[in-house]
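*Asks:* Before I ask anything, let me first share the structure, which is written out below as structure tokens.
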Amino acid sequence: MVAVKGRKSSNKNPPIFSHEFVIQNHADIVSCVAMVFVIGLMVQVTSPWAYMFIAIHHNVTNTTEDPTAMIKYATGWKDACAVFFYFLITIIMHAVLQEYIFDKISKRLHLSKVKLSKFNESSQLIVFYTLSALWAIDIIIRENMLLNIWALWEEYPAPMSFSLKLFFIGQLAYWLHCYPELYFQRIKKEDIPQRILHATIGLFFTSAAYFFNFQQLAIILLTLHYVGDALLHGARLVHFISQKEKRTKLSFLVANSTYVFARLATIVLTLVVFLYGLRKLEFNFDYDTGNFNVPAVQFSAVSVISLFQAYLLYYFIAKQIKRARENAAPVVVKTKPKQKLRKREGKKSALSEDDDLPEVDQATKKNLRNRPSAKK
């Protein structure tokens, strides 16, 4: 009798509180934490504390005198509570997009490990850049910032609308969520420093513009930056997905042109606002009202933004020149020396016929040829 082997019990579920368990279920864990605040909002005892994390605070509009006035907001310490709550929401949204969209697309493309890492990075960045740019353009149009460009310095420090304040809280939450995502997404050690630097730069510029009350200028600059970077990552995705060289070249041409324009426009607008517009106003430093119109802040902002944009342009142009040289370099093909054949002419012709066939057909024909010799 043949002994029946018992089925090996395979436990695919990792131990609770292990690294693998946290990584696989981090979206559910974070959802439970976010639900604590939502449920706390329904209970009368805890609703003031939960409201502090979910709602937008620091209203500066007096609605008793004019009930129809648009509510405006300023910055304050309670914004940190709102940033923490929307930080949790951002982690959940990232996990949902990764599992139900990005992973399914990448499985169909059959990418290598290196390309898969770049694909996931570009996918989540292009979603963030696109949504942020569309949201920012809507705010710019509603608040008439482009046609009333001089209001960027004449009304400084201007209070924020609800949409503008929520936009910056969402931006801060996104850049903060990039740090734990390095662990949740199993980012390679060699890629971690670059990801940390990218998130830190985004967090630094966004938080500096927010707390120094340059939100109106910052949303225009962020729109330029996000449109340029979104097109670059979109061109990278086209390179991964599309097999047509013309489509890839066209997408990179549009993306590269927009990227350079965004960098130059950022420098020009920064110089106009800080070195022309704000210098026409009286220098004043008042922490309570959020007025930081002093030469130290002006020159620091101009220097940091201009140097950073110049560095991005230099790095971008150097990278393009390097790629152009690599593409223009002639490809050297090493030819192997011809080997002398010592076989008979009949066997040469048979081998040449076999080489044109697929590997399976070659083996079949070889077996058929050897059968008569075996019978003898």
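Yeah, the Cβs are placed from backbone N, Cα and C, and that goes for glycine too.
For reference, TrEMBL lists these features for the protein:
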COMPBIAS  335-346  compositional bias 'Basic residues'
COMPBIAS  366-376  compositional bias 'Basic residues'
DOMAIN    117-327  domain 'TLC'
REGION    335-376  region 'Disordered'
TRANSMEM  21-43  transmembrane segment
TRANSMEM  83-102  transmembrane segment
TRANSMEM  123-142  transmembrane segment
TRANSMEM  162-184  transmembrane segment
TRANSMEM  196-212  transmembrane segment
TRANSMEM  218-238  transmembrane segment
TRANSMEM  250-276  transmembrane segment
TRANSMEM  296-317  transmembrane segment
*Asks:* May I ask for the residues of the chain that lie six or more residues beyond the transmembrane segment (123-142) and have a Cβ under 8 Å from a Cβ within it?
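*Replies:* The answer is 94, 97-98, 101-102, 105, 161, 163-164, 167, 170-171, 174, 219-220, 222-223, 226-227, 229-230, 233-234, 237.
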*Asks:* Ranking 21-43, 162-184, 196-212, 250-276, 296-317 by Cβ pairs under 8 Å to the transmembrane segment (218-238), which is first?
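*Replies:* Highest pair count goes to 250-276.
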*Asks:* Would the transmembrane segment (250-276) count as touching the transmembrane segment (196-212), if touching means at least three Cβ pairs under 8 Å and pairs must be 6 or more apart in sequence?
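*Replies:* Counting Cβ pairs under 8 Å (6 or more apart in sequence), the transmembrane segment (250-276) does not reach the transmembrane segment (196-212), since there are fewer than 3.
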*Asks:* What same-chain residues lie close to the transmembrane segment (196-212): Cβ under 8 Å, and 6 or more beyond its ends?
*Replies:* 75, 168, 171-172, 174-176, 178-179, 182, 218, 221-222, 290, 292, 297, 301, 305, 308
